[in-house]
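Record features, source TrEMBL:
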- 16-433: domain 'Amino acid transporter transmembrane' (DOMAIN)
- 21-39: transmembrane segment (TRANSMEM)
- 90-116: transmembrane segment (TRANSMEM)
- 136-156: transmembrane segment (TRANSMEM)
- 163-184: transmembrane segment (TRANSMEM)
- 234-253: transmembrane segment (TRANSMEM)
- 265-290: transmembrane segment (TRANSMEM)
- 310-330: transmembrane segment (TRANSMEM)
- 350-371: transmembrane segment (TRANSMEM)
- 377-400: transmembrane segment (TRANSMEM)
- 412-437: transmembrane segment (TRANSMEM)
């Protein structure tokens, strides 16, 4: 028996989430705003290179989950943060906690940004308000706060996350619907998109007002199979960020009924495979719809092309539902990291539990409201933290805690991943800094 099962006493009692619920939870932890940026990555890498890199990143994500689960079984330690402490002492614990907290808060902010900018436009279309209307129900900040208080807070207040599998399952249906719409729109949206005032086409007779209209000025409809440009280096960080779910893996593992290595690896494999299919279809068909004009956020492309289209409107609602239900799932590891840093070993307290939740959600709302460059700031933090959580830390921890000699194939491969991951992180940071400067 694994050390985790042998230690399944009071701290694991009641953790009986079924395998399907855990699959939905892990898929929901992976999916998020990442699905909206992969079509742009495909445009900047080419179809063949993008497909190869997506396979590599998904395999890398699964390998990192496998390492975490093996260490959890081998040591009996059931949290990412505690594994960091076992490997490198207090310093390892603090580094892990900071990476988890920054990444999860950054991801929550990106979800709330989608709520802030998409929900008002959806309501505007539904009520028929013109673009100059400034009613309170069209204010993104007010709507975001209302969604946080009415929907996100009650879900985030739960002590355990197993029940969120029900909301995760609904969110997955939303993303599947969105992907199907992307595939269908490939055969509906013309290329090149005509630039005139005809119904169903884009009016850019005036100076371009957004990135979509700017892209139409130079749109070409040729498929690029392999390409590289100044934006291509951002594609790989986008893919790594899109598969980052590792802060949620061990909490989901401890919620799994009858937690064994094979059962959790099956959960992980099914989750990553399903997400890979959604990512691949949405990215390739999104790229083949807009070609060179595809922007960094795919949903806005369809919205700008035909904002009153009923199917597109439903898709926007589906994505909104998905990111809203993903936020409390990401909140769980963020809250747990704070508890492990400041309150480790102390008995559970509902007061502390709720206060930490309020602090985290209040902070994310304030950041989204008052920091207009939050995407850039957390893009920098996300690129570095995602590479740490997906590539570097699991491999480093296994080098210290995993069984077998240092010259074993598994540990040598972990060492190679640490070196490559560090190089990737430095490159990503350099590119972002250069982008800021220029």
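From the backbone N, Cα and C atoms, a Cβ is placed for every residue, glycine too.
A TrEMBL annotation is a machine prediction, not a hand-curated record.
Within the same chain, residues 50, 54, 107, 110-111, 113-114, 161-162, 164-166, 168-169, 171-172, 175, 178-179, 238-239, 241-245, 248-249, 252, 255-256, 264, 267-268, 270-272, 274-275, 278-279, 282-284, 286-287, 290, 294, 296-299, 301, 319, 322-323, 325-326, 329-330 sit at least 6 positions outside the transmembrane segment (21-39) and bring their C-beta atoms closer than 8 Å to a C-beta of that stretch. Long-range neighbours of the transmembrane segment (350-371) within the same chain, counting only residues 6 or more positions beyond its ends whose Cβ lies under 8 Å from a Cβ of the stretch, are 105, 108-109, 112-113, 116, 141, 144-145, 148, 152-153, 156-157, 159, 331, 334-335, 338-339, 343, 377. In summary, the transmembrane segment (90-116) does not lie against the transmembrane segment (412-437): fewer than three C-beta pairs, each 6 or more positions apart in sequence, are under 8 Å.
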